[in-house]
Amino acid sequence: MAYHPVYNETMSMGGGSSNEFGQWLDKQLVPFDTSSGSLRVELLHGNLDIWVKEAKHLPNMDGFHNTLVGGMFFGLGRRNHKVDGENSSKITSDPYVTVSISGAVIGRTFVISNSENPVWMQHFDVPVAHSAAKVHFVVKDSDIIGSQIIGAVEIPTEQLCSGNRIEGLFPILNSRGKPCKQGAVLSLSIQYIPMERMRLYQKGVGFGVECVGVPGTYFPLRKGGRVTLYQDAHVDDGTLPSVHLDGGIQYRHGKCWEDMADAIRRARRLIYITGWSVFHPVRLVRRNNDPTQGTLGELLKVKSQEGVRVLVLVWDDPTSRSLLGFSTKGLMNTSDEETRRFFKHSSVQVLLCPRYGGKGHSFIKKSEVETIYTHHQKTMIVDAEAAQNRRKIVAFVGGLDLCNGRFDTPKHPLFRTLKTIHKDDFHNPNFVTTADDGPREPWHDLHSKIDGPAAYDVLANFEERWMKASKPRGIGRLRTSSDDSLLRLDRIPDIMGLSEASSANDNDPESWHVQVFRSIDSSSVKGFPKDPKEATGRNLLCGKNILIDMSIHAAYVKAIRSAQHFIYIENQYFLGSSFNWDSNKNLGANNLIPMEIALKIANKIRAREKFAAYIVIPMWPEGAPTSNPIQRILYWQHKTMQMMYQTIYKALVEVGLDGQLEPQDFLNFFCLGTREVGTREVPDGTVSVYNSPRKPPQLNAAQVQALKSRRFMIYVHSKGMVVDDEFVLIGSANINQRSLEGTRDTEIAMGGYQPHHSWAKKGSRPRGQIFGYRMSLWAEHLGFLEQEFEEPENMECVRRVRQLSELNWRQYAAEEVTEMPGHLLKYPVQVDRTGKVSSLPGYETFPDLGGKIIGSFLVVEENLTI
């Protein structure tokens with residue numbers, strides 16, 4: 001057989017079942033092309049409405065394998081998320097179909113066991129933002145390890161652009177362009193619906209009381225709630241400028257960790273916590289350096305002694321160990337074993353939860369999942385006081401883990417607080433330094449509190465995860481399991497149920513509509529259906545031997561497509577849409593977010609409408625910026641930026657504006673950094689001149705440079721987005737494949753808006769809580785507020801913010817050490833008028849620590865870096 005590698009197929013961020021949004025990753029080399037001649041490449045930006053109905057007369061792909069091994073593996077792993085076919089007693093093919101475009105899989109049917117005439121009748125409504133000549137339907141036979149390609153059907157995108165539905169029986173062709181078996185056909189239908197025909201995206205993100213939120217998700221939109229938005233772990237009164245909202249209200253800056261500590265103290269029934277890391281010695285309240293406030297561990301022990309059910313679900317780092325009194329911290333330094341030991345003889349129940357692979361996964365796939373990926377959700381659920389002496393559920397969701405290194409304020413000190421509020425809480429894993437010398441790594445993050453019906457969905461997520469994690473495994477399965485750790489709220493009359501939980505009605509101008517989203521699969525939760533045919537009704541996607549909830553990605557795509565004025569993003573990572581890069585297209589970083597933003601801007605340019613996107617990321621991912629993994633991530637980040645800017649430049653050329661405007665008039669990337677002159681707070685409240693207690697020869701080179709320059713990046717750990725000052729999305733998910741795929745890191749997020757503070761409701765710019773939050777973040781980053789900042793889509797605002805960030809970068813990079821009133825830095829790359837992204841002259845590497853800013857293509861495990 002002649003093999004002609006024409007495309008790699010990797011799972012994109014598309015749909016499955018009847019879900020509108022969501023996808024997963026899968027790599028596969030399809031070694032043939034079923035068409036002859038070249039076809040025109042078309043940009044498909046909109047949705048593909050697809051039905052994969054049935055196949056007939058498929059060949060028996062299993063006969064050879066079972067003859068070869070004597071059927072020794074027959075039945076092993078064949079019943080996991082599969083449907084029995086018409087030949088359940090016969091050994092034959094276990095077919096399923098993948099749908100792909102630009103080498104990225106956008107849909108997958110469930111597997112039907114032992115069938116040469118499978119019937120799926122499976123619907124996909126898939127968002128696409130791909131340039132391609134063909135859509136591929138690949139029919140495969142699922143094996144115990146991997147799969148075999150039976151054949152493929154190709155639909156030219158040029159035909160789809162006519163807008164007509166293409167449907168019928170299509171021959172399944174092999175590598176020679178011939179039927180894989182006489183009479184073998186696939187019944188399907190497909191229609192392309194371009195963005196301009198989709199009314200869902202034309203009214204803004206939160207267009208009023210009748211909005212249904214993100215359709216086709218596991219958790220629906222919940223109405224009648226309240227939300228508190230947080231920036232950083234703490235904001236001292238009077239440290240940020242006032243922001244005035246509609247109705248004469250002044251925006252109130254929340255104090256996240258103090259609110260969480262207060263919620264713990266006031267809990268009467270339950271405290272449930274999930275985290276990537278939870279560290280018991282952390283102090284949530286640090287006013288006046290008061291040691292009587294107690295640690296997190298002490299607070300939880302006290303509450304458990306009062307009869308409150310305290311459950312803590314933490315990721316079990318596979319590199320940390322505790323055996324016979326000896327322990328290792330682990331590569332990620334999450335302190336999981338230390339936290340478990342602290343609570344061991346208390347009534348606080350701590351469950352260390354490994355990231356398990358799916359039941360039907362191969363040994364290699366399981367090993368990858370269990371060693372590379374994590375449980376990354378950060379939530380706290382408590383009962384709180386409600387009306388009429390009853391209790392209700394309140395949930396905290398966001399990017400802040402309750403562990404060391406996370407407590408910070410908008411001032412983001414480097415040295416001054418090492419002996420006060422950051423005493424015993426020093427964190428800087430970027431190079432070798434100490435709490436005596438510094439600098440600490442400043443930490444910027446976003447978090448939220450949900451009061452209302454959506455909090456019960458956060459509770460449901462915890463319960464589903466706890467039930468799965470507490471299920472006995474290995475030899476423990478021989479014992480009877482009766483874990484009753486979770487409270488049955490339906491048996492506690494004083495706790496309101498979901499139907500009673502609305503904390504505000506739609507007539508209240510301060511009410512919220514809130515929706516909970518996740519990235520998670522059936523290997524991490526209990527409660528997903530066993531039968532994949534039932535996944536459709538639960539808005540779950542079908543992977544191979546696994547069901548997937550990918551609603552965080554769906555929420556991002558929905559919000560970006562609905563944006564009318566601007567997008568503001570803060571995220572720890574920003575990479576994706578590799579299918580549209582100029583190289584490395586088959587990497588598998590297939591989330592749509594970067595391409596959707598670029599196409600949103602391009603469409604606004606063609607319509608000659610105002611629009612801007614502001615994206616804040618860390619200067620570099622946490623760790624040594626010279627290391628191979630971080631250089632590789634920075635390389636992918638550079639490829640993502642390049643793709644976006646070139647897409648925008650092409651739109652400017654198309655409308656003849658390339659001589660007047662440039663891509664950075666619409667899209668800008670920023671990072672955060674700060675400097676301090678040589679002073680430090682001391683415990684008695686005074687400030688003294690600070691000199692390192694040790695001589696420079698005793699310090700490493702990076703530490704010497706950092707102490708001399710007295711500067712460091714502010715680490716952006718945020719995972720949030722504001723759209724048009726009317727919609728906010730905050731959670732634990734990064735903008736990369738790990739967080740958005742659903743089968744890698746487990747994540748959770750909330751999306752919300754105030755229906756009375758929307759463009760549709762007001763007919764003008766909303767000035768509700770989300771407007772106040774965005775302005776407060778800008779005040780933190782820029783050091784002050786100007787009137788131009790109220791309208792981010794205006795060119796005057798874009799250029800003013802860029803100008804200030806460039807001035808801040810020059811101050812950050814200068815030899816002279818000066819206090820920085822603002823922290824927002826222009827990301828240190830050069831973007832020319834044609835959209836080419838290159839090194840900034842004179843700043844090819846990061847100050848002090850080195851490492852190429854645009855990254856390097858160094859050898860490292862791919863799935864670690866995307």
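A Cβ is built for glycine as well, from the same backbone N, Cα and C atoms used for every other residue.
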Suppose a student reads Swiss-Prot and sees His376, Gln572 listed for 1,2-diacyl-sn-glycero-3-phosphate. Which of His234, His244, His717, His756 should they find annotated at that same site?
His717
Report the candidate from His375, His444, His757 that shares the Ca(2+) site with Asp232, His412, Glu780, as recorded in Swiss-Prot.
His444
For Lys719 (active site): DSSP state (helix, strand, coil):
strand
Please indicate, using numbers and ranges, the residues of the same chain that are 6 or more beyond the domain 'PLD phosphodiesterase 1' (371-406) and have a C-beta under 8 Å from a C-beta there.
230, 233, 256-257, 259-260, 263-264, 266-279, 281-282, 284, 296, 313-315, 317-318, 332, 334-335, 353, 355, 425-427, 440-441, 443, 445-451, 454-456, 458-459, 461-462, 465, 489, 494-496, 501, 503, 516, 524, 572, 717-720, 730-733, 738-739, 744-750, 861, 863-864
Entry from the active-site residues list His717, Lys719 having the most other CB atoms no farther than 10 A:
Lys719
Return only the integer: C-alpha distance in Å from His717 (active site) to Asp383 (active site).
28
For Lys378 (active site), the number of other Cβ atoms found within 10 Å of its own Cβ:
27
Count the other Cβ atoms sitting within 10 Å of the Cβ of Asp383 (active site), across every protein chain shown.
27
What are the DSSP helix, strand and coil residue counts for the domain 'PLD phosphodiesterase 1' (371-406)?
5 helix, 17 strand, 14 coil
